[in-house]
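If you look up TrEMBL, you'll see 11-53, 59-100, 101-133, 145-188, 189-230, 302-325 marked as repeat 'WD'.
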């Protein structure tokens, strides 16, 4: 029996691009998504073919596109960033805004919680990175000097507690690594031929991946601040994520979702939208591939997130649909989309102290 990646279902409630997906670390049956429809949705996962999840609560308050959303480690709060220039901390139980974070002068493009939930970092088109406490107080602003010289598109905390860092990506074509303790620059990682949209840090904190306009993913050793190797995605990269329990890197591009096995550096699958297959699964809810004016639209993936156990990949698209892919055993006659991954799919970051890719080039 071999492992397959199958389209398990779709989730439909957003009316514009899905911009971010947050999954809980306890693997509970809920996720949170953000959208250009200005809302955040808290979903209950039903794991049914016709609709993999149902919208339990819609959070409204932002006055422009919601660009990013993340969850606190206890799953009680969500943090969002919007083109209205604000961050909001949401009490998911109450469905209300618990805190507003005001200070950026332009669109907020990315937000993140530190792993102890005590600190928040945000990135903006105002070219700054801001570090906040959970009371909504800005404790530090990284701007000018050694900071990015263009929009800061993505920001992430490294999970490495021994060397706490912030990793940022920018339209100035660089990735920067900052010491969390004093917000001082540790490294500038250059090598991209166009703006950088996204950066992801491996689960063990040893390396990061960056991608954007040039369609090339660069893998970096975080500790040493050096490039390890590159992977060709072939088109603009909008999101990257590492599997939590396999040596897989996933990229959301304008052509497909491409997944690499980092051990072999080979592409293991390209996942593409198949509207006919979706229609077969749930005829009454399948998309037509047209927008509200009846014109054909290009559907591509803009955001990705794995479930905590690495069994399910959630992907958000420009048609407002969340498509859900599952890693599972082959089942004849299931009628689902599948692709054979082969035997190398069991190794992952979770069981190692330091990734072997940090010392390979």
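Cβ from N, Cα, C; glycine included.
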Relative to the repeat 'WD' (302-325), the stretch among 11-53, 145-188, 189-230 with the most Cβ pairs under 8 Å is 11-53
Where else in the chain does the repeat 'WD' (59-100) make close Cβ contacts, counting only residues six or more beyond its ends and a cut-off under 8 Å?
-> 16-17, 19-26, 28, 30, 32-36, 38-42, 106-113, 115, 117, 120, 122, 124, 132, 134-136
For the repeat 'WD' (145-188), what does DSSP give as the number of helix, strand and coil residues?
-> 0 helix, 22 strand, 22 coil
The average per-residue pLDDT within the repeat 'WD' (11-53) comes out at 96
